[in-house]
Amino acid sequence: MSTGKFIVIEGMEGAGKSSAIAVIESTLNKHGIEYINTREPGGTPLAESLRDMVKSVDHQEKLTVETELLLMYASRSQLLANKILPALAAGKWVIGDRHDLSSRAYQGGGRGFDETIMNTISDITLKGFRPDITLYLDIDPHIGLSRAKARGDLDRIELEKMEFFIRVHNKYRELAEQDDSIITVDAAQAMLKVHQDVEKAVIGFITNTDKG
């Protein structure tokens, strides 16, 4: 039995990750590929508790940048060990709503956390594990935040100032340009075109996987 593949959707608030995930699900279903879904932070009972700590606006004390980053990686470590790796070993594919790239963009780019320290934490928790393919939905942060606000209540991170999200966006683009496993999709296009681009990327990946 072959191992499964890990597909990750990345992007800022309002980029359309949920609808893109639905396209990936539909594409995998058409190809008869069994899969599970995950999200970060979260994805297991303990990881979901950590998610609440990270995203809640009700804290009586301010989370330090270090605490935020460590909670993210603690959640990711739990998810990887308890859900992602077992599913891949069982031959299932995994669709991830965010992964390590988010921490690189948000805590690294947005918060300005030291990259060398982040690399060490990532090495300890992920042990070199990487997605097989990442689809990055690229959108101007002004447009994305406008969409997010239209959805309703914002979480602690979504309430950050625009300058923060501009730094996040710049870091996402920088990282995407450096990594051939990251496919950038223009999320400012009409939704139909975005979905077509996502489907095309997934089909191309499936085809290459079958050949390999």
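Just so you know, glycine gets a Cβ as well, placed from its N, Cα and C.
Within its own chain, Gly16 (ATP binding site) has Leu137, Ile139, Ala187, Met191, Val194 as residues 6 or more apart in sequence whose C-beta sits under 8 angstroms from its own. Marked as ATP binding site by Swiss-Prot: Gly11, Met12, Glu13, Gly14, Ala15, Gly16, Lys17, Ser18.
Residues Leu137, Ile139, Gly144, Arg147, Ala148, Ala187 surround the recorded ATP site, their Cβ atoms falling within 8 Å of the Cβ centroid of Gly11, Met12, Glu13, Gly14, Ala15, Gly16, Lys17, Ser18, which are themselves excluded.
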